[in-house]
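Enquirer: Mind having a look at this structure? Questions to follow.
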Amino acid sequence: MNYQAILNQIQGDIQPYLGQGKVADYIPALAGINPSKFGMSIHTIDGITATIGDAQEQFSIQSISKILTLTMAVSLDDTNIWKRVGREPSGSKFNSLIQLELEQGIPRNPFINAGAHVITDLVYSHFDDPKEAILAFTRMVSMNDSISYDYVVAQSERETGNRNLAMGYFMKSFGNIENKVRDVLDVYFHQCSLAMSCTDLSKAFLYLANEGVLPTSEKTIITKKNSDRINALMLTCGMYDSVGDFAYRVGLPSKSGVGGGIVSIVPGEMVIAVWSPGLSESGNSLAGTKALELFVNYTGKTIF
């Protein structure tokens, strides 16, 4: 299958959708990004690559980083972690406090903000320098030592992240955050600020398409069981509160971020990464979602 030709077709078809939606202006450092930007990248497990548009341009990956820290966490402790965070779709906004109160400080899943705080707290407990550990892991799986945090974005989130702090302290009151809340949230804001390109992302998550093994280095990142489980959580919980519609339209394990990125896994075959900053009301890239829908329609690459 000629993936470059397919992506070229998508680049033409997607033009009417570019610029639609709203950038994540509640994070001041992201407010000025051009919503018409668009990039897409494919990496297959046997080394085939294809890109279009702004696939080489770095952007703030935001909640896509939650896959990285979840991978680190399950490799450290894949049993006790699930006593602190659930595995169910939330059906609520990713930063909702209401559900957290009703469920005694146990977040529904690791991909909503509260759940990601718990995961970051677990990672924090295992490393002397958790920010450096997360960065080193990201560079390793992406095979790009130039990847770094965007410190302007991290500072912007720290200055405006009052709801995240509220969630952290609320869970702390239930005993579900072990370390100092502000220290954990500082790490969380930095992981969300990671600056990566579509090319970086489509390479970094190949281990999830290859039973936990990174084909670029043949290094085992996590067990097949945990790789399967992360894929399952991405399918059911990875696209905020429009996960059902996304599964209907695309049908791939995926994770989005409010920076406009989406990563999708085709198990046993490839990783697709797309970026366009204009967001839907639920916080997912509008053009990115459409591009993935077109890709699945053209290729039949869905898990169903």
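All residue numbers here begin at 1 and follow the chain in the order shown.
Cβ coordinates are placed from backbone N, Cα and C, and glycine is handled just like the others.
Quantities reported herein were computed from a predicted structural model and do not represent experimental measurements.
Just lifted these from Swiss-Prot, have a look:
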BINDING   S63, N113, E157, N164, Y188, Y240, V258  substrate binding site
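Describe each of these features in terms of where it is and what it packs against.
Expert: Of all Cβ atoms in the protein chains displayed, 25 besides its own lie within 10 Å of the Cβ of E157 (substrate binding site).
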Enquirer: Enumerate same-chain residues with a sequence separation of six or more from Y188 (substrate binding site) and a Cβ-Cβ distance below 8 A; give 'none' if the list is empty.
Expert: A116, H117, T120, N164
Enquirer: Using all protein chains in view, find how many other C-beta atoms are within 10 Å of the C-beta of S63 (substrate binding site).
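Expert: Here the count is 23.
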Enquirer: Could you give the maximum C-alpha to C-alpha distance in Å for the residues S63, N113, E157, N164, Y188, Y240, V258 that bind substrate per the record?
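Expert: Max span of the substrate binding residues, Cα based, is 19 Å.
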